Amino acid sequence: MATASSHHRARLRSRAAPLLAVVVLAVLALTAILRASRHDFVPGAARAAAAAAGVGGGGNNHTIAQRKILLDPDFTPRLPRQSALSLSLSQRNALPPRNADRFPRLPDGHLNIVLYVHNRPRYLRLVVDSLSRAHGIGEALLIVSHDGYFPEMDKIVQAITFCQVKQIFAPYSPHLFPEAFPGVSSGDCQGKDKAAEKHCQGDPDQYGNHRSPRIVSLKHHWWWMMNTVWDGLDETRDFDGHILFIEEDHYIFPNAYRNAQLLVDLKPSKCPQCYAINLAPSDVKAKGEGWESLVAEKMGNIGYAFNRTVWRKIHAKAKQFCTFDEYNWDITMWATVYPSFGSPVYSLRGPRRSAAHFGKCGLHQGQGLSNVCVDNGDATVQLDAIDKVPNIKANWPVHIIKRQEGYQAGFKGWGGWGDKRDQELCLRPVYNTVVIICLVNEWCWDYAANTARQPVGVGGCHK
């Protein structure tokens with residue numbers, strides 16, 4: 001009996017051995033695939049790998065190829081050492097929104113609004129006042145993104161009571177580092193200095209000019225803000241609606257919020273090829289055509305809104321954005337990012353503007369001692385009765401303006417963005433995220449947790 005039992009166990013072991021070997025080989029193969037895959041994907045954010053197809057109304061084509069970002073996974077950006085002020089502002093970024101007691105619930109279909117600002121308090125007061133008069137504004141979460149810290153700007157935002165409001169501060173803004181990169185360092189080259197002759201540091205742009213911190217901050221702030229709002233905040237990382245972006249010199253009409261909601265609702269059916277909606281024409285001086293028709297045209301930079309699907313397409317072009325020698329974020333998008341999408345990037349808007357650019361001082365004018373730009377901050381925006389109520393009609397047709405004027409593919413940039421340190425700092429938000437990869441539409445591999453998980457919802461893998 002003992003002999004038979006021993007023989008039976010031996011037979012089981014002999015049969016189990018090949019099966020065990022197969023399992024081990026399968027595990028090793030999967031591990032190799034995952035490691036290889038890591039070299040083809042950039043670290044995603046908390047809800048990385050959102051759908052990159054179907055910009056009009058939430059397409060559900062979740063292919064791996066659409067999530068490829070050709071960056072070096074072994075590269076780690078060098079970060080400046082944060083000052084006490086920079087660290088304190090980073091802590092403020094984690095604070096919850098104010099006024100939640102007055103506006104405890106954000107209804108379905110609401111829009112989040114991001115107002116990005118620098119240091120033009122006269123302008124900001126006007127924009128905040130115009131926002132306070134927008135119908136439905138109490139339904140929105142307003143996020144104010146600061147490029148640098150300026151007490152008067154902070155005070156204006158702290159006084160907002162008409163909606164939930166959250167402030168975020170770019171912790172590596174050049175304006176927070178007066179004596180070191182990304183601000184001005186004593187060893188930096190200036191103007192058209194030759195590094196070898198002056199024994200200074202820095203890479204010139206394509207025109208031979210070295211970086212100007214107060215100029216490059218514009219592009220740094222916009223890219224950091226986008227990464228933070230979409231992927232870095234608890235309040236928005238699971239938000240699947242549209243986010244409306246405005247600047248401190250955009251006057252918001254009373255009908256702007258409701259018109260934006262109408263355009264968002266109409267976009268999937270009226271213009272499924274549209275990537276975004278706009279509150280004003282792409283020509284910042286235009287007031288609109290006054291037609292009884294919706295308009296699809298080149299995406300503008302006044303009151304623009306898009307969803308997470310479009311953000312994923314933009315995020316996938318991080319390297320192109322951060323290495324293109326152009327200090328303006330919008331020109332960078334028009335000249336290199338949008339053309340890489342393979343089709344015209346249309347935005348849907350109404351025939352009358354619901355927001356207007358005002359003022360004569362540019363974002364970085366008036367900040368130095370020798371080039372002061374004086375503006376009394378008065379907005380000369382004329383509002384008609386029709387601008388005070390929603391004026392978008394669902395039964396209107398769509399007029400498509402196919403000829404897209406302005407900056408396009410092939411424009412080589414105005415320069416100002418040649419320093420490799422700026423390019424590395426720009427890439428920091430892309431690398432400083434959780435690595436999540438979607439595998440063949442079925443499972444997601446989270447390198448941070450070293451585990452696999454099933455995808456959740458249309459957006460793909462959620463944290």
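Think of each number as a place in line: the chain as shown, counted from 1.
Using the three backbone atoms N, Cα and C, a Cβ is placed for every residue, glycine included.
Here the candidates are C426, C438, C444, and TrEMBL names C426 as the disulfide partner of C322. Of the listed residues C163, C189, C189 is the one TrEMBL pairs with C200, by disulfide bond. Note on proximity: of the recorded positions D147, C200, C271, C274, C322, the one nearest H357 (Mn(2+) binding site) is D147, by Cα distance. Considering only the recorded positions D147, C189, D249, C322 (disulfide bond) has D147 as its nearest partner by CA-CA distance. Long-range Cβ contacts of C426 (disulfide bond) within its own chain (separation 6+, distance under 8 Å): K219, H220, W223, F321, C322. Taking only the Cα positions, the spacing between C189 (disulfide bond) and D249 (Mn(2+) binding site) is 32 angstrom. Checked against C274 (disulfide bond), the recorded positions D147, C200, D249 differ in C-alpha distance, with D249 being the nearest.
In the shown protein chains, 18 other C-beta atoms lie within 10 A of the C-beta of H357 (Mn(2+) binding site).
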